[in-house]
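**Student:** Please find one structure pasted underneath; my questions will follow.
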Amino acid sequence: MMQGEAHPSASLIDRTIKMRKETEARKVVLAWGLLNVSMAGMIYTEMTGKLISSYYNVTYWPLWYIELALASLFSLNALFDFWRYFKYTVAPTSLVVSPGQQTLLGLKTAVVQTTPPHDLAATQIPPAPPSPSIQGQSVLSYSPSRSPSTSPKFTTSCMTGYSPQLQGLSSGGSGSYSPGVTYSPVSGYNKLASFSPSPPSPYPTTVGPVESSGLRSRYRSSPTVYNSPTDKEDYMTDLRTLDTFLRSEEEKQHRVKLGSPDSTSPSSSPTFWNYSRSMGDYAQTLKKFQYQLACRSQAPCANKDEADLSSKQAAEEVWARVAMNRQLLDHMDSWTAKFRNWINETILVPLVQEIESVSTQMRRMGCPELQIGEASITSLKQAALVKAPLIPTLNTIVQYLDLTPNQEYLFERIKELSQGGCMSSFRWNRGGDFKGRKWDTDLPTDSAIIMHVFCTYLDSRLPPHPKYPDGKTFTSQHFVQTPNKPDVTNENVFCIYQSAINPPHYELIYQRHVYNLPKGRNNMFHTLLMFLYIIKTKESGMLGRVNLGLSGVNILWIFGE
């Protein structure tokens, strides 16, 4: 109970919160009080010494009134702060709680008063005559399986330390929790009553160790009726008898709930996790809620994050050598997505459509053996020479397919990559499954396929060069694949160098410098982006005599403005 001003309806938690706020405010008001005293002292010193008026040569009497008002204000604030500090220190809020409540509320010993547990009296009071107003009220009987003759009665000796609002009784001495009937001495002390204490009660809301569990709350608040005789042998006179009775009744009630179909959750029973019972009691429920071990991640997240961070830092270093701007890496994801979409919409989708169109024309011409994806690359090259007047696009298609002898896999993989809008099935260090078997190194990786079609597309856009009669102008000048090596000492060499096949890795050679971007799934795309970025910023958007901007190939739009 609070000392000083205390509202009778204030709860224990509210008073605890108020006490903690006062403890915190005590430090703050002391600091404010010292600050206000300091300010008032400074102003008083200025008033006596007239420092400001003499230094600035101003009229003193208006300034004196202003200083007087400020000094008075700070002095009053200081007095108020010191009064609050004195109040919180000398007459703090205190509580009377039990040791259990002190532990739960996290209170210090210096600010609370603990009350020892009260002994239960063994006083027995004879039963009172039944109340005729609630005869026959037994529809809310606690347990249908219990015999009326085996239900003991609660006496007021079991409620020591309470100021309860006792509730009504049923006929034959049966105690009821009827909220409409209030307790009176005439109704008898031997009836089971509501254990809800009145707010101003100075005692803890516990009845010894029995009431320490929250599971006993239903005996205080549930609308339950006990039909039993009023023999003196049925009265409870000590805690042991009460505890035994509560345990047995809880056991019965819990078994009923576990066996009922409505018990679908372990949390539906308020007594589920209380007491040490056998696992068999909960077998029915635990079958519905089985715990399963989670699968351990193959790669620790911390290692992955560290690898991503180091990869990003390495990429920043490489890009800084090209553009002197580390902020470019913030746009890299956007550029990569646009570039992948450009490859898909500009090269892959039209290529698949043209291949299907040529295959249809081959069937109409009576050459089903020359179906693209079924015929060998040698047969397709010969057909391109023979049937060039009839199918002029066949020679161009053959250039895209001249990558691997396995034409069936190559065509099917190009079709898969063209689906999804942004090459969603792309795998940088492998490819797709083929005829029910996993990808192996005898098949080209997706990176090799994309690099090949990209170079072939630019071969078709660059003008013919007499030095490269096969028509591979871009591939011959700007793409080198191991085991061949570019001439790094030549300042005019500007090419993409594939330094590893499996897993694929690409580097950029420009003006005797090697730009080696981090390995991984985006290495090829980032190398190509750097190649195009150099063309845009250092070559005025020109690749030889071809403009890669809006008036030409129109690929530099991916970098924005």
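For all residues, glycine too, the Cβ spot is worked out from N, Cα and C.
For Ser9, Ser11, Ser98, Ser201, Ser222, Ser248, Ser278, the entry in Swiss-Prot reads phosphoserine, with the evidence type a large-scale study or a structure entry. The transmembrane segment annotation in Swiss-Prot covers 28-48, 60-80, and the record cites sequence analysis as its basis. Per Swiss-Prot, the feature compositional bias 'Low complexity' maps to 133-157, 260-271. Marked as compositional bias 'Polar residues' by Swiss-Prot: 220-229.
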**Student:** Among the modified residues Ser11, Ser98, Ser248, which residue has the largest number of other Cβ atoms within 10 Å of its own Cβ?
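**Tutor:** Result for the most crowded candidate: Ser98.
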**Student:** Under DSSP, is Ser11 (phosphoserine) part of a helix or a strand, or is it coil?
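**Tutor:** Its secondary structure by DSSP: coil.
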**Student:** Could you tell me the C-alpha distance between Ser98 (phosphoserine) and Ser11 (phosphoserine) in angstrom, no decimals?
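**Tutor:** Rounded to a whole number, the Cα-Cα distance is 15 Å.
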**Student:** To the nearest whole angstrom, state the Cα distance for the pair Ser248 (phosphoserine) and Ser11 (phosphoserine).
**Tutor:** 33
**Student:** According to DSSP, folded down to helix, strand and coil, what is Ser98 (phosphoserine)?
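**Tutor:** Its secondary structure by DSSP: coil.
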